[in-house]
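Chemist: Sharing a structure below in structure tokens format, with a few things to ask.
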2 protein chains.
Amino acid sequence: MFHSRRKFLQYSAYMGAGALAMPLAGMAFPSQQKKLGIALVGLGGYATNQLAPALMQTQHIELRGIVTGTPSKIPQWQEKYKIPEKNIYNYGNFDEIADNKDIDVVYIVLPNSMHAEYTIRGAKAGKHVICEKPMSVSVKEGEEMIAACKKAGKQLAIGYRLHYDPFHLEFIRHSREQVFGKVLAVEASDGFRAGDPNQWRLKKALSGGGPLMDVGIYAIQGTRYTIGEEPIAVTAQEFPKTMPEKFKDVEESLAWQLYFPGGAVSNSFSTYTTNVNRLFAGAEKGWFEINNAFGYSGQQMRTNKGPLQITPINQQAAHMDGVALSILQNKPANNVSGEEGLRDMKVIEGIYEAIASGKKVDLKI
Amino acid sequence: MFHSRRKFLQYSAYMGAGALAMPLAGMAFPSQQKKLGIALVGLGGYATNQLAPALMQTQHIELRGIVTGTPSKIPQWQEKYKIPEKNIYNYGNFDEIADNKDIDVVYIVLPNSMHAEYTIRGAKAGKHVICEKPMSVSVKEGEEMIAACKKAGKQLAIGYRLHYDPFHLEFIRHSREQVFGKVLAVEASDGFRAGDPNQWRLKKALSGGGPLMDVGIYAIQGTRYTIGEEPIAVTAQEFPKTMPEKFKDVEESLAWQLYFPGGAVSNSFSTYTTNVNRLFAGAEKGWFEINNAFGYSGQQMRTNKGPLQITPINQQAAHMDGVALSILQNKPANNVSGEEGLRDMKVIEGIYEAIASGKKVDLKI
């Protein structure tokens, strides 16, 4: 990935201390002896299939606790990850985690509408918090979460794993170093065909919204870190529902456009009807693109000059190691901070406002 | 391309008689002995670099005349293509082509705002007409062109070469045969960085509009023939101009969304600032995509299962041969007809109306 120390330093400057985790994982840090302990709060699919396995590969953080409302899940987690009885909590006694010195960090992997409550409770318990995206279901909640972590003197990081992914780092490099000149237009889309009509994603009380909240947020993030500015306005369109009963609570498909102060623009699409997953940047003298851009794996990057060979990594491990290092070094991971999550929430609220009003909405981010 | 006669017949049924040109080019037709004669009206870049060379490869039509307002261009065309003096016209004496039995077809390759006048004059001169896209700069003009050709008993075909391109035929097959189920969403974009600030494309009096008229129309066509229905509504957004002096006359970048009666939707982008060129279809069980979709060459098609090996052809030769056969057989090429061109003009006027009003515009196509 890094062809020279100069290039690496440029990355570091952009990415914040957190990015150190990946390229320097093998180097000696003063704090490397100590591993942080993490508890996963919520044992759904992402915790079970991605985060826990990734924590077998991390160097600066390890799985020591779980929080679940489903006691039947506990034995297999205990067996697989050797989690002691005293590090297992439910949502009733979660706050007692304050007294548990094994746990430095809690990772909130609950449905979106529960992110704020558990982030705030985690901070009050004196723990650093990693919270899955979207950080909350509103800007107001996001601000409360940031304030709570600040008050507790603890870091708040959002689960923006792609900030540690070598494909996205190379994509950002193409933009920052203007490999093909200035980026003028971004196309970013993320969607999939939502199966189970009973899943929490389709219940607004749990999800806060439809594909925009769930995966469209990656397209927003991708657009923002590609262009490297904050959008000043947004237009958005909701498409008519083809399955109104299934999507009675949340949007089925939508599109939006972001307007940036330097003149760059973006056009995006997100849906629960079909697979679409791409980050494209058109620049003055060429283009670059990641296909399957936002998935846990399977990224392919190419430019108008051809495909790039990039070795994939475990995104979740790199992300959690990055956040752990930023905690160990007491240097907030600005690339994935609560403030960064809040900016996406402001765009999301702008998109919903633009859909409701049918008008272009000014953004103050 | 065609794995069986059954599949071929399905194509033919969809594509109209014109599509016969490519797959059956080697077979004996009753009318195959006779080649039609064509005159190119306007000797700009497309006529010079694409159409004239393509006419060296056509089997049912050949270059016999030219119409130009630039006498200095004549000697090299005469030398290269052996065009007799009597088949060379200027815009003053163009109507005298009525008396020239060598010329069966005129191909209008002038700036957009001149398409209507020369199509109508060509029809009045008793010639079949191929007219470059966009067929006109307004729906009204398009209707007049169709009426004039109908009155003269002559065919009107638009320069929609991609209807004869094997990548796009395979793309359409993926939709029609529902290889991955029903198509639910299309993303189609076409744009390039317009260089010369003095080119006719940037003068509304000649072009009728900006990138939408010039290349965005391919994204509209592509969306319509992928989904196989007519859109019932459109929303659209014009982006602020980053080069207001250069683009004082026409839009610089824009996006639009089409709404189809069966529930499929599309999102598109077109620009004169950067290269973007893609046709993507998301279906129930997979996706398919052509990159460099709308260029004269360089198409690459792939699906979620991987890349497809398709042998490129000369698009312009296939298109002109297809139109020629439809004339020889007196079976209008519905896939590239004036009526088909008019449908795109209705979408284009809808897009401009949606931008001007800021509202969703109903389409009647």
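Numbers run from 1 along the shown chain.
Just so it is clear, glycine is given a Cβ too, placed from its N, Cα and C backbone atoms.
Per TrEMBL, signal peptide is recorded for A:1-28. The annotation domain 'Gfo/Idh/MocA-like oxidoreductase N-terminal' is assigned in TrEMBL to A:37-160. Taken from TrEMBL, the feature domain 'GFO/IDH/MocA-like oxidoreductase' covers A:177-278.
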Chemist: In the domain 'Gfo/Idh/MocA-like oxidoreductase N-terminal' (A:37-160), how many residues does DSSP call helix, how many strand, and how many coil?
Modeler: 57 helix, 25 strand, 42 coil
Chemist: Could you break down the residues of the domain 'GFO/IDH/MocA-like oxidoreductase' (A:177-278) into DSSP helix, strand and coil, giving a count for each?
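Modeler: Residue counts for the domain 'GFO/IDH/MocA-like oxidoreductase' (A:177-278) by secondary structure: 24 helix, 34 strand, 44 coil.
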Chemist: Within the domain 'GFO/IDH/MocA-like oxidoreductase' (A:177-278) only, compute the mean pLDDT.
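Modeler: Summing pLDDT over the domain 'GFO/IDH/MocA-like oxidoreductase' (A:177-278) and dividing by its length gives 97.
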